[in-house]
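Q: According to TrEMBL, the protein has these features:
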REGION    1-34  region 'Disordered'
TRANSMEM  135-156  transmembrane segment
DOMAIN    141-311  domain 'Amino acid permease/ SLC12A'
TRANSMEM  168-191  transmembrane segment
TRANSMEM  203-225  transmembrane segment
TRANSMEM  232-256  transmembrane segment
TRANSMEM  268-287  transmembrane segment
TRANSMEM  294-313  transmembrane segment
DOMAIN    427-711  domain 'Amino acid permease/ SLC12A'
TRANSMEM  432-452  transmembrane segment
TRANSMEM  472-498  transmembrane segment
TRANSMEM  518-536  transmembrane segment
TRANSMEM  572-590  transmembrane segment
TRANSMEM  596-618  transmembrane segment
TRANSMEM  630-654  transmembrane segment
DOMAIN    842-1091  domain 'SLC12A transporter C-terminal'
Amino acid sequence: MPTNFTVVPVNDGPPGLPGAPGRDGGSPPGAAVPETLDSVFREEEDSGNTPGTPPGRTQLTNQVKDLYSSLYNQETGGYYDGKNMALFEEEIDSHPMVSSLLNKLANYTNLTQGVREHEEAEYEDGAPRVTGPQMGTFIGVYLPCMQNILGVILFLRLTWIVGTAGVLGTFAIVFMCCACTMLTAISMSAIATNGVVPAGGAYYMISRSLGPEVGGAVGLCFYLGTTFAGSLYILGTIEILLTYIVPSSGVFVAARPEDEAWATSNNLRVYGSACLALMALVVFVGVKYVNKLALVFLACVALSLMAIYAGVIRTVIEPPDFPICLLGNRSMKNDKFDKCAKTELVNNETQTTLLWALFCNGSHLNATCDEYFTLNNVTEMPGIPGLLSGVIKDNLWGSYGPAGVFVERRGSVSEEVQENLVMDKPYVLNDISTFFTLLVGIYFPSVTGIMAGSNRSGDLRDAQRSIPVGTILAIATTSLIYMSCVVLFGACIEGVLLRDKFGASVGKNLVIGTLAWPSPWVIVIGSFFSCCGAGLQSLTGAPRLLQAIARDGIIPALQVFGHGKANGEPTWALLMTVGICEIGILIASLDAVAPILSMFFLMCYLFVNLACAVQTLLRTPAWRPRFKFYHWTLSFLGMSLCLSLMFISSWYYALVAMVIAGCMYKYIEYRGAVKEWGDGIRGLSLNAARYALIRLEEAPPHTKNWRPQLLVLCKLDSDLEVKHPRLLSLTTQMKAGKGLTIVSSVLEGTYMGRGAEAKTGEQRLKAAMQEEKTKGFSHVVVTSSLRDGFSLLVQAAGLGGMKHNTVLLAWPAGWRGAPDYCWKNFIETVRETTSAHQALLVAKNIDRFPGNQQRLEGTVDVWWIVHDGGLLMLLPFLLKQHKVWKQCRMRIFTVAQMNDNSIQMKKDLQMFLYQLRLDAQVEVVEMHESDISAFTYEKTLVMEQRSQMLKQMQLSRNERQREAQLIHDLNTASHCSSSQRAAPEQVQMTWTKEKLITERNRHREGVGVKDLFSMRPNRSNVRRMHTAVKLNAAVLTKSQNAELVLLNMPGPPRNAEGDQNYMEFLEVLMEGLERVLLIRGGGREVITIYS
């Protein structure tokens, strides 16, 4: 079937070229320009170029016909048979066909970063690469997160935290930490679903969002945190082993009670190092074996949790028998005595017990005993009174204290004595000083397992789906477990037992194990394997994270850690991780290691939230996450919570972590390889600003990027206060375009004399801008004259590409009675903005404009007389974006004359607004040619008479103001009462013949009295006044009640002698309107129908 071609000539040349539509083209030379409404808006009426047939139209038609004939002949000849896409064959190499592209995407595989680059599929010799195990959401994300979260803190420290901080304090700690991790998981989910996430997890997300410097610094901090987490879990494993499973297997044995802490620390170091070596060997064998062991470990954790909840239920029926012994109100260790009593009755004979021997110097009844032992009684009470005992009332509040103090029961009566602390007494003591912030730092590692899945993202089958689902479900599950455990522990266990960290008062049993059913050993074994599993997960994730950083090449010193085994296992990174993990084990204190890794994890979480917030606010085209349940406010809340928790936990550790991250940032910035990853932060803010300004200056902005860059000319009064603050309000309301704002003012004088006043005025401008919520810059200049100052600002304000393109100023109200230089400065400013191709906005009655707190609901009327770039229609749209004008309706009026088809004009304008995506009501106002009325003639005559008189006479300012007001009042009265209008010959002037003669004698040149009264108005002025009067009448009829009227501003006259008449024309045009914004375009298009 043949194809029909239609050749349509298109003229898209600039206005003024032959055949091109425009305001300057289309009139033959020498042709008389008709007297139309347009005349008042164009002082300059240039004749256009001679119209004619567009050049090349005939040649273009012939070329298209020849092309079609050639293609048709070749097709019928069989040359292109079966080649339906021959039209695009020359671009196949650079622009592949859609079918080819879709085929490549369908065959795309998420390959492990660090094992192979995902751009390559085979070795150079063609052999297929070895793929690692691909895991799903449950095994790859949910289980690792559950194992790391339900780890060492739950079983070893949560009961102690509940007893020390109280139920309410612990609940607050748990809630803050879980809220922090949940908000971070939401931000992480948004980033993870915004594209493919290779190995590296959190590091990859941060580095690709905030740049290699930030990503590398935070990635290394996160690596250190993950490595120290391995130390924490290994220390927890050894603490369970040596304290509860085989307490007699220690290598170091304390000879004295004072040496117990030393022996315990050394045992932790020896056994911890051996455990680390064993775990490293398991990880080295392969990640698949870790996953197989993970199921076993998680089963132990699940059984332990079920045992805890079963034990809570059992306490309602039959509480377990774990009595605690109190001397007065002090809790005691019961491993060295069997009966909680001072004496016992044996064969009707009172004998002392083993407890007596611990406090007295003999076993006989009259032996010398410890004073506190003598004054207080020994009592025995159940350690787990049960869920219905009401003990939760005593455990609601915290019980903090310094290291070495006795663990005492709140509410018990005892006789206090002054004594020195003796280590050989069997009291339960605080091993460390306790306070709320310390407990936050110790508890937070229990929620840091949220990154366990994302760290192994290279091993996931579908990281975009698995990371959000698995992580959020794991956090929700564990948060519920933690919060329920806090309440249940406080409701079932006695306070002194909760504060007994190692269970010394119940025979060195694990405190949480005493609550479990059927046996404490279920919890002991379960917690042991839980800590083992969490340690293996940390040793699996940390080397892969270091390998991902090394593979990126941003830190040259780490390149060696990017290598691994044939299957991609990071061997060298694993060795580095083991070395750092050993440092944490040598600290040999779970409570000391916990705050360290909390800092690193919190810093990582902070930047994850920051990355999501920045991406969301920038709204870059590449930001299209599949996870939709996020918001920038949640990210900022999470970021603030992370920063707060850092300083709450330990302010000095927080500062150290920040210093480490800062040093890494500077090292990567100056020594690291240059990487471009999209939205990275490149260098310092000053360099970025300089680079942006240089780029902006290279080419003018496209129409789609045009926005009003405002230069606001403010007037300062004698006290250097802003005279019209509503000018700043209007500026704020127009800033939906988010452009530049420069608020300026001019002081007359010299800078040496008024420099201090200029700085004061600048401060006042800034204060006024803050009050009106105007974001921008303020500037006050001192020049020899106001005229020079305005000219300087119009020419030189701004910097580079960030220069203003629009000038905003207030209409000079009362200009008739003001000195000539006031309105002359205004007209010269209009001329200069026009010459500089800048738009001009003039606000009349600016003090009546709404403030930022007002809400308007009327209409914003646009009177579109001439097209000068589209600013007239763009400004109402920008205003409606602000809450002040949001409820207003936009109406556009255009004027139809004698030869115009008003119906077609309305349709065309509606279609044009539809293409501009503007919602406005359209109305065409018909203004037919009519005879010039007597009123118009009179207005013109009075205007010229007044101008002539004031030009001839040297009057004082008061006289000029009085005479101007009298003439204005006469004009207003005759406008309001048409029946009493006077003919031009009957205009009554306030000047007497005698006064005119006197004034004429004072000047060598002047106009005679009869000349003044017999003068005829200029014909051109009559026409302009006629247009102004008729247009003003039409505007008053349609828009008198409008909240704002926007009008095209006529251009100033070329000849300065017509300046005063020009001001009169504008005054008549705006007469009777409350709020008017005159708009004069800058000579370029600022709005477009194209996307």
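Backbone N, Cα and C atoms are what each Cβ position is placed from, and that goes for glycine too.
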Q: Let me spell it out: take the transmembrane segment (630-654), skip the flanking residues so only those 6+ beyond its ends count, and list any with a Cβ under 8 Å from a Cβ in it.
A: 176-177, 179-180, 183-184, 186-187, 189-190, 437-438, 440-441, 444, 595-596, 598-599, 602-603, 605-606, 609-610, 612-613, 616-617
Q: Is the number of Cβ-Cβ pairs under 8 Å between the transmembrane segment (596-618) and the transmembrane segment (432-452) three or more, considering only pairs separated by 6 or more positions?
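A: Output yes: the transmembrane segment (596-618) sits against the transmembrane segment (432-452).
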Q: Taking 168-191, 232-256, 472-498 as candidates, which has the most Cβ pairs under 8 Å with the transmembrane segment (294-313)?
A: 472-498
Q: So what's near the transmembrane segment (268-287) in sequence-distant terms, Cβ-Cβ under 8 Å and 6+ beyond its ends?
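A: Apart from its flanks, the transmembrane segment (268-287) reaches 132-133, 230-231, 234-235, 237-239, 241-242, 251-252, 293, 456, 459, 532, 535-536, 539-540, 543, 567, 569, 571, 574, 578, 581-582, 585-586, 588-589.
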Q: Using a cut-off of under 8 Å between C-beta atoms, tell me which stretch among 168-191, 203-225, 232-256, 572-590 contacts the transmembrane segment (472-498) the most.
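A: Answer, by Cβ pair count: 168-191.
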